[in-house]
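One structure is given below, encoded as structure tokens.
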Amino acid sequence: ADAAPKKNDFYDRNLALFEEELDIRPKVSSLLSRLVSYTNITQGAKEHEEEESAEASRRKTPKSPNMGTLMGVYLPCLQNIFGVILFLRLTWIVGMAGIMQSLLIVLMCCSCTMLTAISMSAIATNGVVPAGGAYFMISRSLGPEFGGAVGLCFYLGTTFASAMYILGAIEIFLKYLVPQAAIFHATDTLGSDSAMLNNMRVYGSICLSLMAVVVFVGVKYVNKLASLFLACVIISIVSIYAGAFKSLTHPPEFPICMLGNRTLVRDGFDVCAKTVIKGNVTVPSQLSESFCLPGNMSSAHCDDYFNQNNVTEIQSIPGLGSGIIRENMWSDYQRKGEILEKAGLQSTDAHGAMENFGMYVSADIATSFTLLVGIFFPSATGIMAGSNRSGDLRDAQKSIPVGTILAITTTSLVYFSSVVLFGSCIEGVVLRDKFGDAVRKNLVVGTLSWPSPWVIVIGSFFSTVGAGLQSLTGAPRLLQAIAKDNIIPFLRVFGHGKTNGEPTWALLLTGLIAELGILIASLDMVAPILSMFFLMCYLFVNLACAVQTLLRTPNWRPRFKYYHWALSFLGMSMCLALMFISSWYYALVAMVIAGMIYKYIEYQGAEKEWGDGIRGLSLSAARYALLRLEVGPPHTKNWRPQLLVLLKLDEDLHVKYPRLLTFASQLKAGKGLTIVGSVVQGNFLDSYGEMQAAEQAIKNMMEIERVKGFCQIVVASKVREGIVHLIQSCGLGGMKHNTVMMGWPYGWRQSEDPRAWKTFINTVRCTTAAHLALMVPKNVSFYPSNHERFTDGNIDVWWIVHDGGMLMLLPFLLKLHKVWKKCQMRIFTVAQMDDNSIQMKKDLAMFLYQLRIEAEVEVVEMHDSDISAYTYERTLMMEQRSQMLRQMRLSSAERQREAQLVKDRHSLVRMGSLYSDEEEEVVEAPPEKVQMTWTREKCEAERRNRNNAPENFRELMSLKPDQSNVRRMHTAVKLNEVIVNRSHDARLVLLNMPGPPRNTDGDENYMEFLEVLTEGLERVLLVRGGGREVITIYS
């Protein structure tokens, strides 16, 4: 018992250097031992990531079968790839398209799947692939959105595949095994198609329900039968080869009867001749009786075409050595209802009676190259069978690539050789005869096979049933895996199953979808649908591989080395091309379905961080865009406020003024950059946890207020330093803020600590120095929330000095948001005595018209008036108060009381306010730099005015302290009177914010001026420009 601790001590002595970290960074040895014991759980049992949790380890993990490459990948792939199409449709495809085009079709489909298999192998060997195969590979490398879309496409493909296999099995059953089992019978020659389809629907539904029961009872039976089904496929294929080579010397006897050059259906008559000799008398044959009216042998009552053409008998299988390959080399596409004709036979064209149409073999659907591609493609699918079983493999990383690629090579070779053999052994009209009507209703492939047609008929019947069963077992498991990942909320119910992990609900849904396929009832209609979903899935597999390779994700290091992004792109484009070649409308539907699933997962799905490639793609794109942005400052046309919102947190790390964020989101309307910054006071080493908590609090608040942006917290010993750091260092490259928004320091008069307003003024100075715009929303707690709507009201802009047009731009941006949409914009500007206010109004209206901003314009005249006693009183109070605070080191209680007294002496409408924003440069611009928006006379007047009217708003700084205080206070009181008079009921008032004094002694007075200026207004936004034009009249 003592050994273990001792051993640990030994380790810890050796690793003394790292001993403090061992609790969070485990020793390599213990990490490795944990990794080695990782086991793959069986197919569709439990979500693999749950496995590492404690509760999952308590449950009994099912033993995973250890399958090798041959049993686990190669044979399942073979069985899934070879299917119904090879036996039922390949001869017909060769007949219609000719050997050359058939080889092209096979080449296109097989190279597409081969390229996909290469990409898939790369993904499958890049890390452990748990149960769930294709879906897992894609969702973990492209992210949940793509994974979900592809997973569902693959699921729908597999489900429709089961429908197609069942239809194939029923077709074999009704056409070749037990034709008398048909329930519906054709009333006339043209109704045979619909009767056949109805039979397929009835029997297909019965078959589907039986299969679903088998699957529900137990997958183990399906898996036990799998080898039997596979044996059927292999025996059938071998018998085709045997028959083809035997036909070289002994072609089988299957004569077909031709009337002229038209092929006759060979089940309505016995002898292929117009007359037969019974005893010594020549009598009409059964064939003649079909074409002529009964009882009379004279030619008058027979079909014209029958009269004028001879009946001949030719071999349906001339054999390998016959040279028939020359005739079958080129395509012979048919229209619907066209009679199959053999080119070489002589024929006199005459118009035959319509009643006899049923005697001839005719094309049941119109064919074209594109249609045949869609019908053939499903016989190349099935390459995922190995990776779907990845949970059952001993070494998935080795088996999947080897097994899959070998299986595709084998099947491709079989397809190529089959095309050539069919074309060189079988007569063209027989190849084009889809259901073998000309060869006594035999399966066309069957006529070629040796020793008997029944080998193929029975073999293909069992193999299609087997494939159908496997699709029905595979699809629900896939759906279960997607449901368990919880990325598509409405699929959650399908994650549940029986106690042993069998997906019951998923099986039910699969059965319902497969029933849809069976109601379509025509194999040739279901095949293209299924092709779409599989092609969609393969397209994404290739995309996943290409994206990972091109981005060089650090985690992308597959064991399988023989892949290249170009191959993946080629595979991707081939998938896309095949989709649109085989049927463009199905392709569009499939893409819309995938797109809708993608968007749904993006909006609704659970947030999953799977380290996927799309994140990497976003990173590369972002880096590229940021580097492009570096080129220079944005043009005035592109200027928009990129906000840095400075938030204050209280002691519990809650956001003090959340309305600041609300206002920011209203101003941004989701566009541009928003950085929310805050300062945590303290030492970084001690406050790291507090900083993370603060960041989380702010992020939560941003989510509530729907602010799309970034959060940055700085830990600094002094708040003002932290703010300076934020202003300097937030943003990256071209994505930097150009506007700062901060709260007004409420209660600065009452606080003993002057740091509150000192920090505020310091920030104003910093933004000015950094040439950033500044916005300070005062009384921010009264600002509207995102849910309120103003149905009327005004946004008033008081344009006192021009600072780059920010005052015009902000209301325009605000009105884009639904809260402010219905507000009207009014612009007020202040005229002095010697200004021509009428001309000013015209100029301003013209300027706004050119700016394409709709607003009411008003010019307010400020008359020179004597400085009122109220102004003197306010100035005196202000100076006395600061004097007292400076000289006397009052005790804290007294100081609070004193501040309260000062406040009470002018109890004005003062609201508890909330946040703060950004400012624009105003008052302190030196005279010659003032940007005038108006006329030259105005400018000269302004200069004159400056010399003789020192109470001018701009000039207030340079006067003697006490005198200048009085002047400034006068301006503030006067302006406030005018503004309150005009805008007391406005929804929002925007004002130029005067700059802080150059001399820091006047800071407190500056705060007082701002208070007086905004007194009595409910919502005020103080704005200060960043020293550059932000709005332009040019397009």
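Each residue, glycine too, has its Cβ placed from N, Cα and C.
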TrEMBL annotation (transmembrane segment) - matching range among 505-523, 809-827:
505-523
I'm a bit unsure how to read this: which one of 73-244, 344-644, 789-869 has the highest number of Cβ pairs shorter than 8 Å with the domain 'SLC12A transporter C-terminal' (658-776)?
344-644
What stretch, picked from 73-92, 202-219, 225-244, 365-385, has the most CB pairs under 8 A with the transmembrane segment (405-431)?
73-92
Given the cut-off of 8 Å on Cβ pairs that are 6 or more apart in sequence, determine whether the transmembrane segment (365-385) and the transmembrane segment (202-219) share at least 3 such pairs.
no
Where else in the chain does the transmembrane segment (562-579) make close Cβ contacts, counting only residues six or more beyond its ends and a cut-off under 8 Å?
108-109, 111-112, 115-116, 118-119, 121-122, 373, 377, 531-532, 535-536, 538-539, 542-543, 545-546, 549-550, 586-587, 590
I'd like to know the mean pLDDT over the domain 'SLC12A transporter C-terminal' (789-869).
82
Under an 8 Å Cβ to Cβ limit, what residues of the same chain, 6 or more beyond the ends of the transmembrane segment (529-550), are close to it?
112-113, 115-116, 118-120, 122-123, 126, 134, 137-138, 141-142, 146, 149-150, 153-154, 156-157, 160-161, 164, 374, 377-378, 381, 384, 517, 520, 556, 563-565, 568-569, 571-572, 575-576, 578-579, 582-583, 586-587, 589-591, 594, 613-614, 616-617
